[in-house]
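Quick look at what Swiss-Prot annotates:
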ACT_SITE  179  active site, proton acceptor
BINDING   17, 38, 43, 69, 83, 84, 105, 122, 123, 124, 147  NAD(+) binding site
BINDING   86, 92, 124, 125, 126, 127, 152, 153, 154, 155, 232  substrate binding site
MOD_RES   223  phosphotyrosine
């Protein structure tokens, strides 16, 4: 597997998510050069100025510039946050069709530059669009990664931490499957400060109802945030920064992302949310969790939901 070099990142799409990612990236000092591409040139110019002025106070020497696709040639990563939002009355398939076409155009321009790094995709529906980027790019599957369930898992860990009054970093639990309505929590392998959640359930049958409510709040959080402020941005921006750090610092850590399956969970030829070990080469390996029969049934439903959409386009 090829290992990328340097710490230059090209960000495509400077909407709420893209700018939140850029802000997190600068504050964590991960990129030497962040080149940003967006169709709204005037707004992009303002964001680049604003971000550069903040670099003074960050533990960072990141240089932020208005980018072009030529910047992709020597980039270690291209991060895609661009895409169309769903309009009133527009079906999900219509939205997917529109965004698949956008991905085809973006990826074509990126690959024409001679890019040979790692794609990180955040545009929704992320699992389908990550598959599209992989197909259009012609790169090895391990070098095309989607944000997947990184945000869903973070939300779940945060809410479990609130329930048990422990830091989210002491909660180890994953949301897997589609980044969307068919995702599922893996309660069977979850731990709170080292204590198995399954063991807690055995001792307290009423806990099951509270956990189901936490999962529903996790799954539906985006709807509430969008209703309140128009979009989600900070959580996913920080999640993308976490994946970026795992890649650029060659960390070999397991992160919940959208990855191509090759027989894991009995599935293949589909990008879907699952833990994967990530390093400078992209995805080193997909982690297949040991899940219960009920969890497997829900995962299969999630995979089939994605496949039904995917086959309309590929």
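The backbone N, Cα and C atoms fix where each Cβ goes, glycine too.
Computed from a predicted structure; not experimentally measured.
Positions of the features from Swiss-Prot, shown on the structure.
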residue : record                 : Cβ neighbours (10 Å)
17      : NAD(+) binding site    : 27
43      : NAD(+) binding site    : 13
83      : NAD(+) binding site    : 23
86      : substrate binding site : 15
105     : NAD(+) binding site    : 12
123     : NAD(+) binding site    : 26
147     : NAD(+) binding site    : 31
152     : substrate binding site : 29
223     : phosphotyrosine        : 11
232     : substrate binding site : 19
Query raised in the report: According to DSSP, does residue 223 (phosphotyrosine) fall in a helix, a strand, or coil?
Result: helix
Requested in this report: Calculate the distance in Å between the alpha carbons (Cα) of residue 17 (NAD(+) binding site) and residue 124 (substrate binding site), and round it to a whole number.
Outcome: 11
Report task. Please work out the number of neighbouring Cβ atoms within 10 Å of the Cβ of residue 179 (active site, proton acceptor), leaving out its own Cβ. Result -> 30
Query raised in the report: Out of 83, 105, 147, which of these binding-site residues is nearest residue 126 (substrate binding site) by C-alpha distance?
Result: 147
Query raised in the report: Taking every protein chain shown into account, which of the binding-site residues 124, 126, 154 has the largest tally of Cβ atoms within 10 Å of its Cβ?
Result: 126
Query raised in the report: What Cα-Cα separation, expressed in whole Å, is found between residue 223 (phosphotyrosine) and residue 123 (NAD(+) binding site)?
Result: 16
Query raised in the report: Going by C-alpha positions, which of the recorded positions (43, 105, 147, 179) is nearest residue 86 (substrate binding site)?
Result: 179
